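Taken from Swiss-Prot, the feature transmembrane segment covers 33-53, 77-98, 113-133, 178-198, 226-246, 288-308, 320-340, 347-367. Per Swiss-Prot, heme b b562 binding site is recorded for His83, His182, and the stated evidence type is similarity to another entry. Under the heading heme b b566 binding site, Swiss-Prot lists His97, His196, citing similarity to another entry as support. Among the features that Swiss-Prot reports, ubiquinone binding site is placed at His201.
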Amino acid sequence: MTNIRKSHPLLKIINHSFIDLPAPSNISSWWNFGSLLGICLILQIATGLFLAMHYTSDTTTAFSSVTHICRDVNYGWLIRYLHANGASMFFICLFIHVGRGMYYGSYMSIETWNMGIILLFAVMATAFMGYVLPWGQMSFWGATVITNLLSAIPYIGTTLVEWIWGGFSVDKATLTRFFAFHFILPFIIVALVMVHLLFLHETGSNNPSGLNSDSDKIPFHPYYTIKDILGVLLLLLFLISLVLFTPDLLGDPDNYTPANPLNTPPHIXPEWYFLFAYAILRSIPNKLGGVLALILSILVLALLPHLHTSKLQSLMFRPLTQTLYWILVADLLTLTWIGGQPVEYPFIIIGQLASILYFAIILIFMPMAGMIEDNVLKMD
């Protein structure tokens, strides 16, 4: 008799995706982050659902409803902080996942990579709208500043901004629609994740060497299920430590002040995971130029498959490009630091140099290094 997991129409799909999936025998712990992102998404949807049961998306009651969740709802404080810090974990895993794709040349699976970029944009949009919901000072002013960027679009900009706001400023209509979008987007993300996995399983996983691994495959279960469980336990340990010991470590104190349209906070800064993009935005004096640089800072990832000049896929055997890669990582950390600093000397010039370096490494230096390495290794 055939095993039910191999014959049942639904279980068969799960079996081919998570159980009998042929996986390369040498994929390292950097490949754990895909499953960790799945866990983060499930956690965010679960905690978000319980928060939505008690939250009210009205400007007069939004702030106090969040306070009510933390004070009066059973374990409401835990759910709220798991959700807030879960977002930070989500982005840590996202950045490592993308970074791993860049390092090992996984972007050569173009469909999977492009789907991943769409997912990154969707998660960033969801996180931004979620940050507006508690209706604190930083929520309100963050929403005002970021949505206002769309007014830089020629001709239709102002109309577009007012259409998104549902009025002439960020108000009740804006909050209500942001809540609606914040609720629906994670489910759209789940659908996109399925497409992402569908594309991935068409080609199979990449591996650290960047070489074809068809001749050396092992079943996903039990080898990588056990390996993933270890990753999940470490992630949960880190998240729970953060939630129970320093839940406000990554937040902004300004968000504990109810939104006041008449009082601007001294420094408007987004959550830490957007600071690198915010620094790139601020480093260009022109409004439209800044917005374009902001979008391109993520969209530039879509160019990676077309900028790949080396005959070797992975950076494992390419020391010159490896060096550039780690300079890029340091540059992104610098941008993250600059994004949280006030707009004054020397931070302005550091931000501008770091922004130029970011685009230069990806668009110029890495493709050049690939050609140099091919020459040195006599790959042609």
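Here the Cβ of each residue, glycine as well, is placed from N, Cα and C on the backbone.
Since this is a predicted model, take the numbers as computed values, not measurements.
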Rank aside, I only need the closest one: which of the binding-site residues His97, His196, His201 has its C-alpha nearest to that of His182 (heme b b562 binding site)?
His196
Any idea which of the binding-site residues His83, His97, His182, His196, His201 has the thinnest Cβ neighbourhood at 10 Å?
His201
Tertiary contacts of the transmembrane segment (77-98) (same chain, 6+ residues out, Cβ under 8 Å):
30, 33-34, 36-37, 40-41, 43-44, 47-48, 50-51, 66, 69-71, 116, 120, 123, 127, 130, 235, 238-239, 242-243, 247, 250-251, 271-273, 301
Distance between His201 (ubiquinone binding site) and His83 (heme b b562 binding site) at the Cα atoms, whole Å?
30
Leading contact stretch, 33-53, 226-246, 320-340, 347-367 vs the transmembrane segment (178-198) - CB distance under 8 Å:
33-53
The transmembrane segment (288-308) versus listed stretches 33-53, 226-246, 320-340, 347-367: most Cβ pairs under 8 Å:
347-367
Cα distance (Å, whole number) from His196 (heme b b566 binding site) to His83 (heme b b562 binding site):
24
